[in-house]
Every structure is written in C-alpha cells, then in structure tokens.
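For reference, the structure is listed below as structure tokens.
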Amino acid sequence: MNNSTNSSNNGLAITSPYKTFEVVFIVLVAGSLSLVTIIGNILVMVSIKVNRHLQTVNNYFLFSLACADLIIGVFSMNLYTLYTVIGYWPLGPVVCDLWLALDYVVSNASVMNLLIISFDRYFCVTKPLTYPVKRTTKMAGMMIAAAWVLSFILWAPAILFWQFIVGVRTVEDGECYIQFFSNAAVTFGTAIAAFYLPVIIMTVLYWHISRASKSRIKKEKKEPVANQDPVSPSLVQGRIVKPNNNNMPGGDGGLEHNKIQNGKAPRDGGTENCVQGEEKESSNDSTSVSAVASNMRDDEITQDENTVSTSLGHSKDDNSRQTCIKIVTKTQKGDACTPTSTTVELVGSSGQNGDEKQNIVARKIVKMTKQPAKKKPPPSREKKVTRTILAILLAFIITWAPYNVMVLINTFCAPCIPNTVWTIGYWLCYINSTINPACYALCNATFKKTFKHLLMCHYKNIGATR
C-alpha cells in the first residue's frame, strides 16, 4: 500500500475521514464483497473435491487459485476495510506487517497460479505428444507448491525484516504500508515484476493458445468426421517384428474371432513375444501407436482400460507368434489433456512375411479406431478451456491494471493521486478474487451445475455431475 491516511504523531486522535452514512455504505459494500468472495471460492474448492469430473490437473491449479482468493476474502478485505473507515491503523506495527506479508504473498501466489495455468494450457496445445506424459497430479502439486514457496520468499522476509535490515522503522504509528515502498526504484521494480511482466507473458501465451486452438478446430471442421481416416499415415511407427519359429499353440483351425474383455486379457500357455505399445501422447481426440518389442509372461495382464483382443486363427501345424499393440488415445475429461489406452493383440502365422503382418496390424488398428473417431467430442470443449483462461486473464488485467498504473505514477508524482482513488484501485485488486469463481461458472457448465447442486443442497449424485 503505497500511500496511507495521514496520522498525527500518536496516531490515536484521528477521526474517520468519512461521514456516518458513508462509513455504513462502505462497510456494507465491503462486507458483501468479502462474503461473496468467501462463499464463491469455498464453492470452487468443494466442487472440485466432491465432483470427480472436476478432478483434473487444470482444476487443481484453479483449486490453488481459489485458496489464495479465499484468504484474501477472509483477511485482506476485512482488515483493509477497517483501515479505510477508521482512517488509521489501530492494531499496531506487528499485526500491520503480518497483514501486509499475508496480503502480498497470497496476491503474488494468485499471479503465479495464473501463470501456471497459462503455461499448462500452452504446452497442452503446442506439445500434445510429449507434455501429457509429464502432466501428472504429482507434477501439478510440485508446481503449485513452488508457486506458494516462491511467493513467500519474494515478499515475506522483505516485508517483515526490512526495518531490521536498514536499522530503523520509518512507518509512523497509525499507518500501515510496506516500508521499502518509500524507495521509488524499488516500487517501480516490484510493479514490473509482480504485474507487468506476468501480464505480458500470459498475453503472449494466450495468443499462441488461441491461435493453435483455432487452427485445430478449423482443421476438424474441414474434414468430415464420417470420412476421416482415424489413423494418420505415420500411425504405426517402426516395423512389426517378424514371427519366429517358437513352438506354441495355434488358433482355432482357420477361424477368425474377436474377444472383448473389460480389464483382463487371458493368454494361452507358452512363450509369447509381444510387440507392446509404447505410450506416446497425442493431440486431443487423436490416436497414436508406437511399437517396441518386449517379452511377456503367459499370465493375465490387467489394465485400467478395456482390452480388446483380436485373434486370427491358424492351423495347429503353424508356428505362430502373438503380437500386441497398445493404442494410446486422448479423452476429454475436462482439461482436454488426459490419455487413455487400448491394447490390440494379433496372432499371426510364421508363413506371413513382415509386410503382410504389418498390413494386418494396420487394418486392425483402423477397425479399432474408426468407431471412437465417430464419437469425437465437438470442438466446443476445446473452446471451453480456452474461453475460461481468457476470462480469468481479462479479469486479472482489468482489476489489477488501475492500481499498478497508479503505482508508476506515484513513483514520479506522489501528490497526483487522491487518497480515494488509491483506495478504489487497491480494492479492485481484491475484487479479482470475487470475480474468479464467476469466471469458472460462466465458462464451465460442470462448475455451474455443481455450484447449483451445492447451493440447493442437492447432494445426490453430485459426484457424477457433468
């Protein structure tokens, strides 16, 4: 807080600069905003907790952002309201420094979370083959923890111990502001680092995100889903290993049959050489396969996803070898960056050469992936995630820009900004914490429905709300 209400030397003889009805109005408005902020962000946190469809990596970042906004609603808003209506700081220097440290740490954590959300979406869109492999809950937790720890290191020590570093406390009794903000160069530098630089980075990232998303949606619209080849020319990477002469049981005497099992794919006895799919992430709603050779035991293989097993029967005299390929696909689970997998197993005879074998595998993969391609989620899901990020980014810029512009002006001309304008600008930064939950609800129907169920106490099946 760069300027404060002037106080006398004892700081206790000051009366409020506002009239009684103005004080009542300020308290009512500020109290209402605080209450809405608290309720809204609690709804966000509870919704993510109880609704499994909201438990995605992207929403874990929103959960962290909601935690920061909740702290602002509980502490920062109410203490600043007290400071404003009374006209001086009545709680002493220790509480003042603790409040300022908490205020700036959580505010900076909000900015850091916004940066994380922007980078996460950017990598999802621009690196769909590699980034989702690294995009785990553990990684998200580490990034969130880093945002909070970095924010604490940047602000808390400087705010709490600056008076001891310089050897004197220059903040007068009855006032509460960050002491090192009296230095114009420091004020200018912190404004650049805390607002202008993050805004520039997030704006550039969003521009790339929007461009990539529009390009993808445009491409999908040009290609009718019914006529699309669900498998790209580079789908099968690497050659299928040629069958060897290991003796093992054959099929069912030339018959062709399909087996679809949920969870387990039983194997016949004997040694099997299997080409197992290497999980390689693809872009949203697409399928990719990468084959690598591995030996597998003849026991049951349990998977999280459905296992589809296709066997081509041969005469019992043929030496055969089992070949399997894992198809890694992407499902839309809210953040458009979640991989799933399906395993295709083929048994071929030793009489087939490598090219024929690979052609059979490719045809089977086409057959497997054709049906999911018809059920491809509409481009609106892609737009939903991008729209949410845009709403959060715009809310952040609109609410934080006035105060940070005033900070730069104050560096060169302190008397140019009236006290009331400072107060409004500072409050706008707080209002960002009130707006964020509304952004989630307006841009995400699942959040909106879950909020409604919670507010109306409809808890039945709330965990499955889409």
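The first residue you see is number 1, and the count goes up from there.
Including glycine, each Cβ sits where the backbone N, Cα and C put it.
Annotated topological domain 'Extracellular' per Swiss-Prot: 1-22 (among others), in sequence order, evidence recorded as similarity to another entry.
The transmembrane segment annotation in Swiss-Prot covers 23-45 (among others), and the record cites similarity to another entry as its basis. Below 8 angstroms of C-beta separation, residues 16, 62-63, 66-67, 69-70, 72-74, 77-78, 80-81, 84-85, 427, 430-431, 433-434, 436-438, 440, 447, 451, 454-455 of the same chain, each at least six residues beyond the ends of the transmembrane segment (23-45), sit close to that stretch.
Here the topological domain 'Cytoplasmic' (46-59) is broken down by DSSP into helix, strand and coil counts: 11 helix, 0 strand, 3 coil. Swiss-Prot lists 46-59 (among others) with the feature topological domain 'Cytoplasmic'.
Within the chain carrying the transmembrane segment (60-80), a Cβ under 8 angstroms from the stretch's Cβ atoms is held by residues 30-31, 33-35, 37-38, 40-42, 44-45, 48, 91, 99, 102-103, 106-107, 109-110, 113-114, 116-117, 120, 137, 140-141, 143-144, 147-148, 426-427, 430, 432-434, 436-437, 440, all 6 or more beyond its ends. The transmembrane segment annotation in Swiss-Prot covers 60-80 (among others), and the record cites similarity to another entry as its basis.
Residues or ranges marked as topological domain 'Extracellular' in Swiss-Prot (evidence: similarity to another entry): 81-97 (among others).
Contacts of C96 (disulfide bond) defined by a Cβ separation under 8 A and a same-chain sequence distance of 6+ are given as W89, V171, C176, in order along the sequence. DSSP classifies C96 (disulfide bond) as helix under the three-state reduction. Residues annotated as disulfide bond in Swiss-Prot: C96-C176 (among others).
Same-chain neighbours of the transmembrane segment (98-119): 1, 58, 61-62, 64-65, 68-69, 71-72, 75-76, 79, 91, 143-144, 147-148, 150-152, 154-156, 159-160, 176-178, 194-195, 198, 201-202, 205-206, 209, 389, 392-393, 396, 429, 432-433, counting only residues six or more beyond its ends whose CB sits under 8 Å from a CB of the stretch. Residues annotated as transmembrane segment in Swiss-Prot: 98-119 (among others).
What Swiss-Prot lists as topological domain 'Cytoplasmic' is 120-139 (among others), and the listing cites similarity to another entry. Helix, strand and coil counts from DSSP across the topological domain 'Cytoplasmic' (120-139) read 14 helix, 0 strand, 6 coil.
Taken from Swiss-Prot, the feature transmembrane segment applies to 140-162 (among others).
Confidence over the topological domain 'Extracellular' (163-184), given as mean pLDDT on the 0 to 100 scale, stands at 90. As annotated by Swiss-Prot, topological domain 'Extracellular' applies to 163-184 (among others).
Beyond the ends of the transmembrane segment (185-209), by six or more residues, the same chain brings 2, 107-108, 111, 114-115, 118-119, 121-122, 125-126, 386, 389-390, 393, 396-397, 400-401, 404, 407-408, 410-411 to within a C-beta distance below 8 angstroms of the stretch. Annotation source Swiss-Prot lists transmembrane segment at 185-209 (among others).
Look at Swiss-Prot and you will find 210-387 (among others) tagged as topological domain 'Cytoplasmic', backed by similarity to another entry.
The annotation region 'Disordered' is assigned in Swiss-Prot to 218-320.
The phosphoserine annotation in Swiss-Prot covers S232.
Look at Swiss-Prot and you will find 254-270 tagged as compositional bias 'Basic and acidic residues'.
Among the features that Swiss-Prot reports, compositional bias 'Polar residues' is placed at 284-293 (among others).
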Cα separation, T465 (phosphothreonine) to C416 (disulfide bond) (Å, whole number): 52
Cα-to-Cα gap, T446 (phosphothreonine) vs C413 (disulfide bond), nearest whole Å: 48
Neighbour-count leader, CB within 10 A, disulfide-bonded residues: C176, C416: C176
Helix, strand and coil counts within the topological domain 'Extracellular' (163-184) (DSSP): 9 helix, 0 strand, 13 coil
Cα-Cα distance linking T450 (phosphothreonine) and T465 (phosphothreonine), given in Å to the nearest integer: 7
Lowest local Cβ density (other Cβ within 10 Å) among modified residues: T446, T450, T465: T446
